[in-house]
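Engineer: Before we start, here is the structure in question, set down as structure tokens.
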Amino acid sequence: MNKQSVRDVELQGKKVFCRVDFNVPMKDGVVTDDTRIRAALPTIQLLAEKGARIILASHLGRPKGEVVEELRLDPVAARLQELLGKPVAKVNVAHGPEAEQAANELKDGDVLLLENVRFYPGEEKNDPELAKAFASLADVYVNDAFGAAHRAHASTEGIAHHVTAVAGLLMEKELEVLGKALSNPERPFTAIIGGAKVKDKIGVIENLLDKVDNLIIGGGLAYTFIKAQGHEIGKSLLEADKMDLALSFMEKAKEKGVNFYVPQDAIVADDFSNDANTKAVDIDQIPADWEALDIGPKTRETYRNVIQSSKLVIWNGPMGVFELDAFAGGTKAVAEALADANDTYSVIGGGDSAAAVEKFGLANQMSHISTGGGASLEFMEGKALPGVVALNDK
């Protein structure tokens, strides 16, 4: 990583504005999944060890620039306090006199959590005045919110222009793992691209075709490829305007010597529900009024073999409608193949893939689960992430 990190700077007695990603699910004022809070702990603990006065900032949900009571960060402060085992102060603003006073009262190693930064309309507009106001609270800026690194907002990008700006440990790890995967991968290198829409994955497929040895396609987007090959797909998901593009990807793979895998069979259903009638059929046998909602057993076996023979696998997007148990088998098979592949470094690209490995209880058997859905996707597209670009170079 060519950016400075929190390890590279002297922080004793300094006020540090640390942007974290505490955008966690809540129910009735209680955090229901604290994964993202836990992910930030190493950075917070290192800041405390280095004697910093820690000012944490995060967004939560989409309050659209106004105060939404149920999107206040108080439940997050409560959970963070439990995890850290020490007090976490909380203010109801993210800048201004009240925030300044709380920041000035901090002692070395103390922790303060500011209010939801998206309560301010200037946050998502990257308003320079708001960025300056955030910066005025601190001596150093640490960005540990990889999940928001693809956004140029006041607390993720604007602030970095006003104070020393460095990466947190989580940000550093994400950039190192994803960076190495894309620039200097161990081979064979396999990418598994799933999800519903071709249009969401065009950039990723384009960028990865230049880098991978194997490209595996699954999920709803696969049926546009299958239709483009001349097969009937019944009522399966189709983006007719992307069929030419799908063909061109397959051609490009051939030219580059990349093995391009699409499903050879599918689980089809007569209805989009858990209690639909289902059957496994070869890909050219999908009945006219049924839809394919998962990859079939032959495809699972093929994909498993490719995964097992790979040194590096990046996975972004499920193989089927894994939220419904009847169509979760393909996604589970891929997750299990990754869990069983001892010599394979597995990178799970956030979002639905991360949710899937959690659901199947296999998360701790993956080498790296990215904390950023959109951010890891844009990184894999080869795009520069504004929140990273703004940090100080080494």
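Just so you know, the numbers here start at 1 and follow the chain as drawn.
The backbone N, Cα and C atoms fix where each Cβ goes, and this holds for glycine too.
According to Swiss-Prot, the protein carries these features:
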BINDING   D21, F22, N23, R36, H59, L60, G61, R62, R118, R151  substrate binding site
MOD_RES   S183  phosphoserine
BINDING   K201, E323, G350, G351, D352, S353  ATP binding site
MOD_RES   T299  phosphothreonine
Engineer: Out of G61, G351, which has the highest number of nearby Cβ atoms, where nearby means within 10 Å of its Cβ, if these are the binding-site residues?
Structural biologist: G351
Engineer: Of the recorded positions S183, T299, E323, G351, D352, which sits closest to H59 (substrate binding site) by Cα distance?
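Structural biologist: So, of the listed recorded positions, the one sitting closest to H59 (substrate binding site) is G351.
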Engineer: Any idea what DSSP makes of T299 (phosphothreonine), helix, strand or coil?
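Structural biologist: Assignment for T299 (phosphothreonine) reads helix.
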Engineer: At the Cα level, what's the spacing in Å between D352 (ATP binding site) and R118 (substrate binding site), rounded?
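Structural biologist: Between the Cα atoms of D352 (ATP binding site) and R118 (substrate binding site), the distance comes to 24 Å.
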Engineer: Quick one: give me the count of other CB atoms within 10 A of the CB of N23 (substrate binding site).
Structural biologist: 18
Engineer: Which residue among the binding-site residues D21, E323 has the fewest other Cβ atoms within 10 Å of its Cβ, if you could check?
Structural biologist: E323
Engineer: Considering the recorded positions S183, T299, S353, which residue's Cβ sits among the greatest number of other Cβ atoms within 10 Å?
Structural biologist: S353
Engineer: Just give me the nearest neighbour of N23 (substrate binding site) among the recorded positions K201, T299, E323, S353, Cα to Cα.
Structural biologist: S353
